[in-house]
């Protein structure tokens, strides 16, 4: 069945195909039944109870338009966004490119989204009752020295509607954003956001975990430094990781020269190495959500064995269809 759908989608430019997929999922979300049952393989992470450890990665549903549709595909949790305080168009099109030979995707979207207020309204309208993460970022026009303001605005607005909030400082498509991953800049950001989290937890009488999403393009020394900051600031989780700027695994393939972040199967080895190094430093103190290149039972299990507590995918679903979600949920063996 999906092979026919894929053939139709792959006849379109990548971003057009994504648009039609979101529209179809919006319609699917209105159906009184699910096309796929949600496999129960429960796990508790960050104080949250997940139906299974397989989640939708951020980037698939930036505005939270199709939450109920994605829920019918069997995910154990869903992460929407990245969302910014103000709506923005992102970078010029075309900005998404399939690397067919390697089952990868390069994007330079640049946080295109309709703004945090629109996302919140969409979340409020959704009937999904599973774990929902909301991924927050900064506007392209906001100077990097004022980035904290954007994260605080988004944190305040989404806090009541998310089960956990992800702070995205690792997209390669927003100028200078990755600079927030290092040293004093990271310490300042985390300290201020944890202070806000404490205030919001008291205000709403509910603690919502705060997660950091980091890049796979880090040296061992940088990973050690980030892990130290995560522990000192008592972050609740970390997503390892975002898209990569490396083209090592797709050299010579069509579109490999395009600028942007690479996701999908070619990212698997790099992201798994990131998880492994991070896990050694965190020593179980902070849970890891493994993201980047999950494309099979074996690749997912490798990430769990490296130290991940949960998994996220998106690109593999484009290439293989939603059956991979149930297969992973049934067969992944948690540590």
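Even glycines carry a Cβ here, placed using N, Cα and C.
The FMN binding site annotation in Swiss-Prot covers 58, 59, 60, 61, 62, 82, 135, 168, 213, 241, 264, 293, 314, 315. Per Swiss-Prot, substrate binding site is recorded for 62, 107, 108, 109, 110, 111, 168, 173, 242, 243. Taken from Swiss-Prot, the feature active site, nucleophile covers 171, and the record attributes it to sequence analysis.
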Ask   = Given the recorded positions 108, 110, 168, 171, 242, which lie within 10 A of residue 135 (FMN binding site) by CA-CA distance?
value = 168
Ask   = Which residues, sitting 6 or more apart from residue 314 (FMN binding site) on the same chain, put a CB under 8 Å from its CB?
value = 56, 57, 59, 60, 263
Remark   = By Cα geometry, the one of the recorded positions (58, 171, 264) nearest residue 242 (substrate binding site) is 171
Message = Given the binding-site residues 108, 110, 168, find the one whose Cα is closest in space to the Cα of residue 58 (FMN binding site).
response = 168
Query = Under DSSP, is residue 108 (substrate binding site) helix, strand or coil?
reply = coil
Inquiry  = Using a 10 Å cut-off between Cα atoms, which of these recorded positions sit near residue 108 (substrate binding site): 62, 171, 213, 264?
reply    = 171
Inquiry  = So the record assigns 58, 59, 60, 61, 62, 82, 135, 168, 213, 241, 264, 293, 314, 315 to FMN. If I measure every Cα pair among those residues, what is the longest distance in angstrom, as a whole number?
reply    = 20
